[in-house]
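One structure is given below, encoded as structure tokens.
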Amino acid sequence: MRGILAPVDAEPPVDAPGPAAAHDDRDPPVELRVHGVAGTPPELMLQLVPAVRTDRAEQPPDDDDGAITEWRQPPARPQLRAWSWGSLTSGRWYQAFYLVLLPFMLANLAGWALLASPDGGPPTGTGDHADRERPARGVRIRWCVLLVRLAALLVTTIFAFWTQLVVADLVTYQWLVRHAGWPGWTVGAGFAVTAGVLLAVVWLSRIRTRPTRRHVDPWAVWTDPAGRASLHHDQPPMWNSPGINVGLRRLHLSAALGAVALAGCWPSAGGWTTWRTAGLWCAVATLAAVAVLTCWISLADGEAPGSADPAGPPRALRGHGLPPAALVRHGTWPPAAAALALAAVATGGVDTAWVGAHPFLPALRGSALWLSLAVLVVAALVGVVQGRVVPAPGTPPRRRDLRRANAPSILLLAAAIGAALGAGIAEQVARLAGSTCSVGPCVVVGDTVGWMAIVFTSILAAVGLVVALCWLALRLVPRADGRRPPAAVALRSLTVRGSWLTALLGALGSLATVAGIAVALARGGLPPVSAVPVAVSATVVGTLILLTLGLLAAALRHRHVRTPVAIGVAVAVVAVAAVVVWALRSGRSWQVLGVPLPPSTFAEFSLVVAILLPTALVLRRMYAAVRSVAARRGVGVLWDVGTFWPRWFHPLAPPTYSDRAVTGLTDRIEDVEPGEVFVVAAHSQGSVIAGTALLAANPRTPVALLTFGSPWHHLYGEFFPGYFDTGATAALVDTLDRRWRNLYRDTDPIGGPVHDPAVDASALADPHLRIHSDYWLEPEYGVAVARLERAIRSAVQHPTPGPSERTGRPAREQTTPTTR
């Protein structure tokens, strides 16, 4: 990374007016602007076109090559720089397919949302011992890590279940074998194709931009830093721990293949009994081995077998080491491959009589219920085991702290999104394949998809209604000064402690899942989707229509759309809503590619709203993102936030970019020449990257940090309290010797204060409704840069002990980022 970002000699600076212009004959400060999500182009950050690239001047100004780049303005202000990292998440065409990995990314995020901090207990304030000793992996964090990883395995199994349902059941068995008359062994080919899809997903999760440093064997770095590394305790392992990723990836692949083989070899399946029984036992052995190794890895101390770390905790606290890398590498995939091969061979004995008696593969239909129950139980255990947040000394505890619901709710959301994407593809495949049948539908998914759609639609309506009512209450209730808050301020009030929203989603999802499981067990199956009462369906449909109209009105007002255009759009939307209501009341609709439009029943309405439409949008977005960098940047907002974290909990999540972004910015900060005035000005997600990099850096001269629109405390402290706690904030303040200034607006739903009086400025006025953008246009921005410049010059003239002397932290070792 040092080669990419090495600074070059710039042209002699020319003083010019601006927020950070120099005010004397001394060298002006280097202001390095770091953008937030969606990859803000360098010319926008520099407020001038065209920008000049400083790291590779011989190349054209292209920011889409998958690398970190640094830019400067033309000669008017050459010391104003833009540090561009957005192409790491949107620079390559294949990153469009990361949408398939969205459930895995959420499952990985759930592990980082745990309350237990890397010191083995709940997050607390600062402590003098934290900077001198490597944190121990306590009992609570070990069990939390284990439970999240087991839930992540279940999310992978759900993906494998829906893949097998589409490929092996709907297409191969129901359509080709039952309808087209193909031989029974074709089902075995369907199992092989299912395995191929799973291997393609694993391959997709491994693709990443080429490392800039030499590659090392990930199995040679066989450690598990989960629960031992953090931002301000032992950060380097967060960006250089490929061993745990490849180990978990091997276990997830084996679990997925074992689950496919288990369903194919289930006793009720047809085929040759001997082969099927052998495959069944191989599949059971595979899943048992995966579970045992996952427990061994997660409950261990994180060290490789036989390793001894003098800086680590005593052996009594460390417990036992990790299993041998060779066992994890080669201990599970051979039985998984054997089980899958036996399942494919066993289908050669499927006869015509068995095919005629079974309209679908029997094992898959019962799997959905037990997988749902398993995810629900594990998520509930995560909420119980992780404990509660212990406030820092002198900080009053929060009333009704709902942050403990974040990890369980995110796990449930990951499973639900994975199931919804699979259900959408399955339903559309069934409709398209069934359209070729001469008499009745020959490809049937079952009532599971219909009930999933009804539940998701009802939850969407309930959550939307609660959010709308809360926003209206905040909007209409006067403040202490007697005035009603603006709409943007009311919206920000909803996100100040956003854990209530995840808690609401988790509670509604849990209640719906429990109710569905109870009904299915009591009745021996789900009732028909037509059993939904009319009052319930009318309430849900009416709520969604009203919410849609309200969102439309808010969007038109926010964008200041001209009245004639706004009226035309409103009339069109009202007309569409009227057609939907008419179709639901009359029961009439038309088939468009197998989809009823407009939907004529509540079940079809729910299917379109919650399953088919989101799936179509995802596929359409993927297609657009393959062809357009702008579309990839829009999708990249998900990856900018979700892939900041290493893949320690779900290895099939999209690759992290922070191993390059954080270490690259750290190297850039450490390259600052002694005496140079250097201010890092970071916006939104860039402030998270910059703060993390500064916690790891040991610069040769004092530097300063300006953050604006920062989610450091507002969102990251809310959803990742084990890492962005008061200890991390205090460590960053101490590292910078209080050369940190934070700007925010009351109208910004993303950025906010960090709750340190020495850092936070007063909330900025927002008469132009800039919300979360264009902070550098505010006069307070230039004042803050000038203040930090004076602080740096004062620190250079009157040096104080640096972070290494104050905390005893050694200089950062050069690490080798590898594939994670």
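Any Cβ shown, glycine's included, is placed from N, Cα and C.
The shown structure was predicted, so the numbers you read here are calculated from the model rather than taken from an experiment.
What TrEMBL lists as compositional bias 'Low complexity' is 1-21. As annotated by TrEMBL, region 'Disordered' applies to 1-28, 795-820. For 93-115, 141-162, 182-204, 278-299, 369-390, 410-430, 450-474, 500-522, 534-553, 565-585, 605-623, the entry in TrEMBL reads transmembrane segment.
Taking pairs at least six residues apart, the transmembrane segment (410-430) and the transmembrane segment (278-299) share fewer than three Cβ pairs below 8 Å and do not count as touching. Of the Cβ pairs linking the transmembrane segment (500-522) with the transmembrane segment (534-553) and spaced 6 or more residues apart, fewer than 3 are under 8 Å, so the two regions do not touch. Listed stretches 93-115, 141-162, 278-299, 534-553, 605-623 were compared with the transmembrane segment (450-474); the greatest number of C-beta pairs under 8 angstroms is found for 605-623. Between the transmembrane segment (278-299) and the transmembrane segment (141-162), three or more CB pairs separated by 6 or more residues in sequence fall under 8 Å, so the two stretches touch. Through the fold, the transmembrane segment (93-115) approaches residues 122-123, 141, 144-145, 148-149, 151-152, 155-156, 158-159, 201, 204-205, 207, 226, 382, 386-389, 403-404, 406-408, 410-411, 413-415, 417-418, 421, 618, 621-627, 631-632, 635-636, 638-639, 642-643, 645, 647-650, 652-654, 719-723 of its own chain, all at least 6 residues removed from its boundaries and within a Cβ separation under 8 Å.
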